[in-house]
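Okay, structure first, notes after.
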Amino acid sequence: MIIKPKVRGFICTNAHPQGCAAHVREQIDFIKAKGPIAGGPKNVLVIGCSTGYGLASRITAAFGSQAKTVGVAFEKAPTDRKTGSAGYYNTAAFHAAAEAEGLFAASVNGDAFSDEIKDKTLALVKQHLGKVDLVVYSLASPRRTDPKTGIMHSSVLKPIGEGYTAKNLNTDTLKISDITVEPANEEEIANTVKVMGGEDWELWIDALQQADLLADNCRTVAYTYLGEKLTWPIYGHATIGKAKEDLDRASRAINERLAAKQGQANVSVLKALVTQSSSAIPIMPLYISLVYKVMKEEGTHEGCIEQLYRLFTEGLYTDQPRLDDSNRLRMDNLELTPETQAKIEALWPQVTEENLFDITDYKGYNDDFLKLFGFGLKGVDYDAETDPMVPAPFVD
Ligand code: NAD
């Protein structure tokens with residue numbers, strides 16, 4: 001088939017296998033060019049390993065530190081008539097590259113919130129890694145079924161307390177108009193915490209600890225975004241922000257449990273970037289387009305892989321980690337400098353449909369969005385007949 005992007009709203013419903021492979025290759029090349037990461041991990045579990053920050057974590061561990069990796073993701077396999085999901089192709093490309101360098105990699109496809117997938121993953125870890133020295137928790141999901149009650153909880157992206165009206169870019173029509181988001185009720189807040197809070201991170205660590213699969217001095221990290229004034233009403237001070245606060249609680253609880261092993265848990269604050277998850281958050285596409293514009297002009301622009309390289313070298317594996325007073329590793333420092341935020345805040349009210357491509361870097365945003373699905377990569381022939389099938393990267 002000829003594979004061209006099929007974009008519907010903030011998602012792209014197909015993906016290009018060779019394009020995704022080229023995107024993974026770009027990230028591997030970036031990490032290899034940086035050279036080995038001193039003191040990096042050797043046996044790594046990445047929960048949410050197939051796209052965005054989780055994929056970049058896995059690539060950094062494997063190609064920066066020669067780590068064996070086990071990954072968990074929730075992805076769609078291709079058929080003769082329909083492409084697989086980007087994360088499926090990314091995982092296939094990651095496996096091929098790891099195998100070519102003699103690096104062990106195994107991946108599980110399924111619901112990471114379930115006991116069944118935890119058991120399956122732990123069995124793989126036990127068989128191939130022994131004990132893990134790094135556990136990355138990088139899930140972004142709109143819903144979670146609690147394994148104990150069987151109840152499915154759905155998260156919402158809503159403000160807390162009062163409604164919020166703000167400028168929003170419709171990425172389908174490129175129209176800019178105000179959107180109003182009504183405040184969440186208590187049940188919606190609780191459900192969002194249930195899905196995106198720290199409970200499942202704790203369950204993973206408990207399961208690994210009970211199976212004696214955590215190495216002494218092991219590290220574990222979960223990702224969050226804090227942002228500043230412009231994004232607080234929809235992120236930091238909203239339902240998702242409440243869920244992310246719960247990660248801080250979970251981090252403290254995990255630290256107590258890991259104390260005997262000298263293990264350490266941290267939340268890491270990463271910068272706002274286009275991923276399959278962030279593109280779904282109101283306001284974010286416009287905000288990120290401005291972040292791109294300002295940070296590219298400043299020479300401080302970073303993608304997922306640059307952020308992860310810094311997390312390993314300036315956060316996890318250094319004697320002088322950049323920690324805040326809540327024990328969080330801060331990799332969002334460049335986005336949140338007062339100068340950068342002031343420039344973004346000054347541009348924000350000026351953006352119109354007419355000047356979108358001048359005042360903001362919407363083009364850069366959109367190019368990166370398409371790259372997430374393997375489109376727009378150099379060296380890929382998008383007019384060529386392409387087989388959607390690739391060797392299955394996941395264990396049965
Ligand atoms: P993403 O959508 O690119 O990745 C999500 C990953 O989770 C994928 O590998 C997907 O397969 C996996 N996944 C989702 N549901 C699953 C399930 N039920 N079982 C197994 N796997 C599942 O998202 P991302 O933006 O990389 O987000 C990862 C983390 O980083 C999130 O916690 C997010 O809040 C955080 N973060 C994102 C940004 C940003 O701007 N994108 C900034 C800071 C922090």
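Note that Cβ sites are derived from N, Cα and C of the backbone, with glycine treated the same way.
Note that TrEMBL annotation is computational and uncurated.
Feature list (source: TrEMBL):
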type: DOMAIN; residues: 2-79; note: domain 'Trans-2-enoyl-CoA reductase-like NAD(P)H binding'
type: BINDING; residues: 48-53, 74-75, 111-112, 139-140, LYS244, 273-275; note: NAD(+) binding site
type: SITE; residues: GLU75; note: site 'Plays an important role in discriminating NADH against NADPH'
type: DOMAIN; residues: 82-317; note: domain 'Trans-2-enoyl-CoA reductase catalytic'
type: BINDING; residues: TYR225; note: substrate binding site
type: DOMAIN; residues: 323-385; note: domain 'Enoyl reductase FAD binding'
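Note: the CA-CA distance between TYR225 (substrate binding site) and GLU75 (site 'Plays an important role in discriminating NADH against NADPH') rounds to 24 Å. For the pair GLU75 (site 'Plays an important role in discriminating NADH against NADPH') and GLY48 (NAD(+) binding site), the C-alpha distance works out to 10 angstrom.
Here the recorded positions are GLU75, ASP111, and the one ringed by the most other CB atoms within 10 angstroms is GLU75. Around PHE74 (NAD(+) binding site), the same-chain residues at least 6 positions away in sequence with a Cβ under 8 Å from its Cβ are GLY87, ASN109, GLY110, ASP111, ALA112, SER141. Most Cβ neighbours within 10 Å, among the binding-site residues LEU139, VAL274: VAL274 holds that distinction in the structure as shown. Ranking the binding-site residues GLY52, TYR225, LYS244 by how many other Cβ atoms lie within 10 angstroms of each Cβ puts TYR225 at the bottom.
In the domain 'Enoyl reductase FAD binding' (323-385), the DSSP tally of helix, strand and coil residues is 27 helix, 3 strand, 33 coil. SER50 (NAD(+) binding site) has a Cβ environment of 29 other Cβ atoms inside 10 Å. Look at the domain 'Trans-2-enoyl-CoA reductase-like NAD(P)H binding' (2-79): DSSP puts its residues at 32 helix, 15 strand, 31 coil.
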